[in-house]
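Feature annotations, courtesy of Swiss-Prot:
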- 32-133: domain 'SRCR 1' (DOMAIN)
- 58-122: disulfide bond (DISULFID)
- 71-132: disulfide bond (DISULFID)
- 159-287: domain 'SRCR 2' (DOMAIN)
- 251-261: disulfide bond (DISULFID)
- 336-400: disulfide bond (DISULFID)
- 349-410: disulfide bond (DISULFID)
- 380-390: disulfide bond (DISULFID)
- 463-528: disulfide bond (DISULFID)
- 533-736: region 'Lysyl-oxidase like' (REGION)
- 558-564: disulfide bond (DISULFID)
- 610-658: disulfide bond (DISULFID)
- 642-648: disulfide bond (DISULFID)
- 670-680: disulfide bond (DISULFID)
- 674: 2',4',5'-topaquinone (MOD_RES)
- 717-731: disulfide bond (DISULFID)
């Protein structure tokens, strides 16, 4: 009897008590997941669900091909890399797969080879992790994203208003016109039969407008009839070709997208029955929110968005997106993502003057907030004017954490700004020499931007206008990038932005262009990224650790060398005497979506001989003592001599440590602690008299490193000093309270510590 090689191998493995290599056939219908940082759903430990139990994958023979297949099965476009040796922590339960072998073209892991289910000689210290490209396949819905497109979303993906009246054509953005939908590459009309204001509300929401107004249908009907009587009219030609695609739409008005409405598609061409008998194209008129109205537009009536809303968005890269925060009990707080959906998210978007919600995001996808979690299980019906009108539970009732902070991405009007800026010469699409389009003598012209005064704030506006997220670098020299040959002329100079502008063209700039160094190699450039870190201080720790110390001058030589003492110390009789120091600890969290890293590499760090350490950021924090009217009476600063992960929450591992000239940074979710007993962790108040003051700490004060939100970089406390003792109270980050609450808090004496 002859034995074939496969049969021999099979029998041999059975004699050894080992099952043969197999291809797990059920994996195609079995779920995969990544277990890692909440703010980075595209990376983590790879786990597989088999027989109702989650298990891990061993890193033996795992490489980029296997990572690519896993990422593709998870809905991501590609894999960036993989991680071995349990980089994302050791898993629990079985190790389901070992020696996974893929070619790289498979659509799922079930098409790859392996040892078989549960057959492994690995331990959990070998659990593999993968890092996928954050961009998902078109149409793929993330488990942490609720997307607006419904079952017919592919056909109804694009909607626009085609202006008819001359006045509407001159308006930017277009707020009134005939509704058109794009189908098979062609724009089609929508019949007005049965058209309601609810339909208009949905269309306006999709286009980024918070509300709709009735149109003069009789006037538009006259225009329609007039054009239909003209045999040369393009409209008559389109109608004869049965260009209507949607015969009838029925919306409730709460839908975030027309795809969620009942849609009756018009009969195909060639049918005897006309698509819109006796009707015409549907016409809609929308009202733009305050961000998108022309400057001369009259303010809205009382009771509209002109009132300061009690909801805001934070840490979003684009206008109309961010973590949802609400104002309750005079304090800003977040919203838990339990039962968070597009209906509730749309109420937030419209309240802020945007359109309906494009996405409702869960799991702190746009960073974690601070302070209280005010709301949970928000249940809006869609007609509410504000989020506070919706039924909800208190956030503390169901154990929500800031890992569950809800966020939104709203529909915003197309202002055309993205077509007025571009990047040239970069290695990747997210970087390059900045080129803008401006009008010169009434003619649009492309050119470059002078780099004088160019900084991270201006670069942030540029990246936002480009739709590329946050700016991570603002380049003042761009000789290493070649621009577009016809855009070499400097057409914009003296750019100064506040950071809230939608486009560089809205920033302050020179009238006539004036670039003293003439441009050339000194042209503005940017590097953008879709996510950024976010540093926030622990206010309670500062308040609890503050005390006074009279420190002898003999122990302050190094601190004096690093300018950590007041100027009066220069005139003292060293080493005799002392300085009175207000000391405290600071704890700085990174609640963003990427690690906080120094601006420069290790080769550029400055060595300080006295303290014998490197400074990766020369001025990392400012410490100030202010009078109640804001005048500075004492100051201090702290260089970043050791930017590291002092500690991390359970489930995250420290990645940065300063020992042995190691890499510096703060991992997402971790924190860096500067204890009260280290040098320069103080404010020198030797020359300050008794009184009431404001104690202020600002981290990353010069914006040297990009962050998703700079408004929470400042911490303030009320400070009482009687000449012998000091009290700090009411410590809070700079944007925790509205302005009127700040004034009220200053009058309240909530003394929580008495540390001398």
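Cβ coordinates are placed from backbone N, Cα and C, and glycine is handled just like the others.
Keep in mind that what you see is a predicted model, and the values were worked out from it rather than measured.
Projection of Swiss-Prot feature records onto the structure.
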residue	record	contacts (Cβ under 8 Å, 6+ apart)
71	disulfide bond	42, 77, 78, 79, 130, 132, 133
122	disulfide bond	58, 59, 60, 95, 98
349	disulfide bond	205, 210, 320, 355, 356, 357, 408, 410, 411
463	disulfide bond	317, 469, 470, 471, 526, 528
564	disulfide bond	636, 637, 679, 680, 682, 684
642	disulfide bond	613, 658, 664
648	disulfide bond	654, 667, 669, 670, 671
717	disulfide bond	539, 542, 543, 546, 694, 695, 696, 728, 729, 730, 731, 732
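Each of the disulfide-bonded residues 528, 670 was scored by the number of other CB atoms within 10 A of its CB, and the lowest score belongs to 670. Averaged across the domain 'SRCR 1' (32-133), the predicted model reaches a pLDDT of 87.
The Cβ of residue 400 (disulfide bond) lies under 8 Å from the Cβ of 336, 337, 338, 373, 376, each on the same chain and at least six residues away in sequence. Distances between the Cα of residue 390 (disulfide bond) and those of the recorded positions 261, 558, 674 are shortest for 261.
In the three-state DSSP assignment, the secondary structure recorded for residue 71 (disulfide bond) is helix.
Every protein chain shown contributes to the tally, and the Cβ of residue 658 (disulfide bond) ends up with 17 other Cβ atoms within 10 Å. A 10 Å radius around the C-alpha of residue 610 (disulfide bond) takes in these disulfide-bonded residues out of 261, 380, 558, in sequence order: 558. The residues of the domain 'SRCR 1' (32-133), classed with DSSP into helix (H, G, I), strand (E, B) and coil, number 16 helix, 35 strand, 51 coil. Neighbour counts of Cβ atoms within 10 Å were compared for the disulfide-bonded residues 132, 380, 410, 558, and the top value is held by 410. Residue 261 (disulfide bond) and residue 558 (disulfide bond) have their C-alpha atoms 70 Å apart, to the nearest angstrom. Nearest in space to residue 380 (disulfide bond), taking C-alpha to C-alpha distance over the recorded positions 251, 558, 674, is 251.
Neighbour counts of Cβ atoms within 10 Å were compared across the disulfide-bonded residues 251, 261, 336, 390, 731; the minimum falls on 390. Just so you know, the Cβ of residue 58 (disulfide bond) picks up 23 other Cβ atoms within 10 Å once every protein chain is counted. Residue 610 (disulfide bond) has a Cβ environment of 12 other Cβ atoms inside 10 Å. Residue 251 (disulfide bond) sits 57 Å from residue 674 (2',4',5'-topaquinone), taking the CA atoms of both as reference points.
Listed in sequence order, 585, 586, 587, 588, 621, 638, 681 are the same-chain residues at least 6 apart in sequence whose CB falls under 8 Å from the CB of residue 674 (2',4',5'-topaquinone).
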